[in-house]
């Protein structure tokens with residue numbers, strides 16, 4: 001299937017795309033869909049040693065009560081904060097979709113650019129919210145409730161953190177002039193990488209093992225941040241932590 005065929009199929013779902021409910025349902029459905037395989041792994045790994053060997057912190061695992069707590073927090077943030085804002089955005093900036101799909105090179109380039117920009121923004125935000133005690137205690141501490149990550153900890157955060165990082169993710173495609181299809185694919189990839197970062201698993205096919213030269217930190221990089229708090233502030237790539245001397249590994 002070419003990009004144009006895929007884009008034509010997406011545009012054919014115009015009734016859904018134009019709905020004010022679409023952004024929040026898209027975000028929540030994709031997030032929970034990406035979390036689900038790891039939730040199943042968590043339930044199985046306590047009984048299956050073959051799976052447990054891939055757990056980064058093998059002696060720690062999310063319980064049902066911990067998962068429900070994270071899920072409730074995520075649903076609360078989506079309902080109380082994200083949904084009203086997406087409705088306002090829908091009202092003030094009606095969505096329009098071009099007929100032509102983006103070229104493959106431009107699509108890939110823009111997705112990479114969005115990721116790199118988000119990585120920088122998150123690094124600065126994250127570093128400040130650890131180095132300034134008031135910011136950490138007031139806003140970021142809730143995300144560090146669990147020192148061993150599992151998939152649903154990805155969005156276990158307060159309103160300020162949820163909205164700040166959501167703003168970065170939403171505004172970057174606009175700043176870079178991305179095609180709507182590129183924007184959607186960036187959202188998908190960004191959510192997947194965030195969930196994988198918090199999954200608590202290190203598989204042979206994990207993203208950080210596919211990207212060469214240690215350029216990408218991945219789940220071990222972020223799991224160590226939750227365990228030790230004072231290192232590995234970038235969400236994905238390692239260059240900012242290397243530059244600022246905050247990159248640590250096991």
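Cβ coordinates are placed from backbone N, Cα and C, and glycine is handled just like the others.
Within the listed segments 104-125, 126-147, TrEMBL records transmembrane segment for the stretch 104-125. Record note: among 20-44, 170-194, 20-44 is the stretch given as transmembrane segment by TrEMBL. The feature transmembrane segment, as given by TrEMBL for the ranges 65-92, 205-232, sits at 65-92. Mean model confidence of the domain 'Fatty acid hydroxylase' (112-246) amounts to 96 (pLDDT, 0 to 100 scale).
Per DSSP, the domain 'Fatty acid hydroxylase' (112-246) is made up of 95 helix, 3 strand, 37 coil.
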